[in-house]
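**Student:** I'd like to ask you about the structure that follows.
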Amino acid sequence: MENGTHVNGSANGFCIKDPLNWGVAAEALTGSHLDEVKKMVGEFRKPVVKLGGETLTVSQVAGISAAGDGNMVKVELSEAARAGVKASSDWVMESMNKGTDSYGVTTGFGATSHRRTKNGGALQKELIRFLNAGIFGNGTESSHTLPHSATRAAMLVRINTLLQGYSGIRFEILEAITKFLNNNITPCLPLRGTITASGDLVPLSYIAGLLTGRPNSKAVGPAGEVLNAESAFAQAGVEGGFFELQPKEGLALVNGTAVGSGMASMVLFEANVLALLSEVLSAIFAEVMQGKPEFTDHLTHKLKHHPGQIEAAAIMEYILDGSDYVKAAQKVHEMDPLQKPKQDRYALRTSPQWLGPQIEVIRSATKMIEREINSVNDNPLIDVSRNKALHGGNFQGTPIGVSMDNTRLAIAAIGKVTIAQFSELVNDFYNNGLPSHLSGGRNPSLDSGFKGGEIAMASYCSELQFLANPVTNHVQSAEQHNQDVNSLGLISARKTAEAVDILKLMSSTYLVALCQSIDLRHLEENMKSTVKNTVSQVAKKVLTMGVNGELHPSRFCEKDLLRVVDREYVFAYADDPCLTTYPLMQKLRQVLVDHALNNGETEKNANTSIFQKIATFEDELKAILPKEVESVRVAFENGTMSIPNRIKACRSYPLYRFVREELGGAT
């Protein structure tokens, strides 16, 4: 305040410390992405959003957008903003009364701005009329209606922008929109019809239409009921009747990027969470695939310098540190180093290098959109301090279009590594002993596991890769070539929302498959232990000594027999462990044959012949082993396994528990 008059701009118009805002932008990207996401989730859950014009976050926008589903979040306006809003509104009225020529106040709009009028109120009314050009389908949530969650996001962002006091609108109108939000009254906006260049003109005009009581305006109430303007005002508790727009107020309501940036905020909240989830899923993938944790070594990533990669590797390293699966895998590698390749395939080994840049892109886009939702982006801007209206182009939504295109490309890349990992997981040629399609049932002919899921994943990923194509290179000149370049911000945000939905489908399918793999590793471990014990018992009974207690040369076979069990994949024989065409019985027999061939002269003696004991050994095993294997399956189904699930001692356990216990996601 100067001499009792509100001043809404600094004397020189620039911040001396950081005039180009690069310092603030760079500072916003310091610190950890993980910490940012945790903060975002915390903000999303807060019950109140306090608006002052400059501190709104994407997570708060996402929280308000989701609040319409029953989790109410209240919006409060800063009383300190009232004076600035009033000052700009008063300036417009005084300017009009003095006969000052101002765009959108005394002139037409866009390509017809050469026209003049002194009837400012009627001009605003006509603005809303001609912008109400959207097309709706049947119903209030049809394929041609903007999702109500996105409308709520747009309302919040527009209030925040107008609170800064550069737009020439009454504070009472902002209070009315706030009441709509707090009482879950949502105007119906068209899904299409904006190019986000002179702002999101067409969809925002329907909010203005509701405020002014246009007959075609509709809203949806808390229970999904359709409301006309009168009912919407009544349920929201907005008193004083419909608003008669003063000069500039219609333009202030529609000439902003709130619909595009609101939806972008919703998208980026989910994109950040999904990016973090992809890092965690990659670590769990390493666990169930018996991967080598060396790929997360900090020196490797420090030498690459990229912060997203370094953090992705650190998160994976943290999850794998001390993992029981990693310890078990290390024993497998030591026991038979030739059983699998020296290095894991790229989908695992280079996952930090792949995911890191995508996270950097998403993080940068988040900061860009947060700047946008705290920006004043209409035209003209009312600078009370210099007693002038500034004609510019802050309504151009290029930050939205560019950030959404980039985010969509990053989302597609995350989807690509997700399906690559999933494809390895369900393929028994690559997955280090897990059954084909993660089936694991008693009868492989009647259990196809995730075969349908793999087909669905291919469909999801194909659509996702198509959506990765940019929107912003499809600009068409509009409005008699006045809007000859335009951002297509909302269109890009809508496509990115589709991409996020598809990545959620992929991540959900993949997560359930990982949980299935964890359970199969548990079954595998118990089954292998039982098979080893059974083979050991039969070997001691049949191969160790004769009827008179004499020791047989065949007693030395047991160690090699158990080594076969250790090395053989359980699910290669689990459905019928004694079937002679399966590798287990073939290799056990080969051990006995090899020992017999090395038995020398004693092999000629029927009492010490190993060949003579092969049939007895196999018959004894066939009598016992299938029953023992079946008992393991029964214990698995009843949750009474003798060896506990390794996942419970791992840092990835909370995610497994969430799916299997909280959601009940059994397969």
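Placement of Cβ uses the backbone N, Cα and C atoms for every residue, glycine included.
So Swiss-Prot lists the following for this protein:
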type	residues	note
ACT_SITE	TYR103	active site, proton donor/acceptor
BINDING	ASN255, GLN343, ARG349, ASN379, LYS451, GLU479, ASN482	(E)-cinnamate binding site
MOD_RES	SER198	2,3-didehydroalanine (Ser)
**Student:** Does DSSP give GLN343 ((E)-cinnamate binding site) helix, strand or coil?
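**Tutor:** It is coil.
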**Student:** Sequence gap of 6 or more, Cβ distance under 8 Å: name the residues on the same chain that satisfy this around GLN343 ((E)-cinnamate binding site), in order along the sequence.
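**Tutor:** Same-chain residues close to GLN343 ((E)-cinnamate binding site) (Cβ under 8 Å, separated by 6 or more) are LYS292, ARG349.
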**Student:** For the residue listed as 'active site, proton donor/acceptor', which of the recorded positions SER198, ASN255, ASN379, LYS451 has the nearest Cα in space?
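**Tutor:** Spatially nearest to the residue listed as 'active site, proton donor/acceptor' by Cα position is ASN379.
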**Student:** May I ask which residues of the same chain, at least 6 positions away in sequence, place their Cβ under 8 angstroms from the Cβ of LYS451 ((E)-cinnamate binding site)?
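**Tutor:** Spatial neighbours, sequence-distant, of LYS451 ((E)-cinnamate binding site): VAL426, HIS437.
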**Student:** Same-chain residues six or more away whose CB lies under 8 A from the CB of ASN379 ((E)-cinnamate binding site)?
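**Tutor:** Sequence-distant Cβ neighbours: TYR103, GLY104, SER198, LEU251, ASN255, HIS391, GLY392, GLY393, ASN394, PHE395.
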**Student:** How many other Cβ atoms are found within 10 Å of the Cβ atom of TYR103 (active site, proton donor/acceptor), counting all protein chains shown?
**Tutor:** 16
**Student:** Relative to the Cβ position of ARG349 ((E)-cinnamate binding site), how many further Cβ atoms are located within 10 Å?
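**Tutor:** The Cβ of ARG349 ((E)-cinnamate binding site) has 17 Cβ neighbours within 10 Å.
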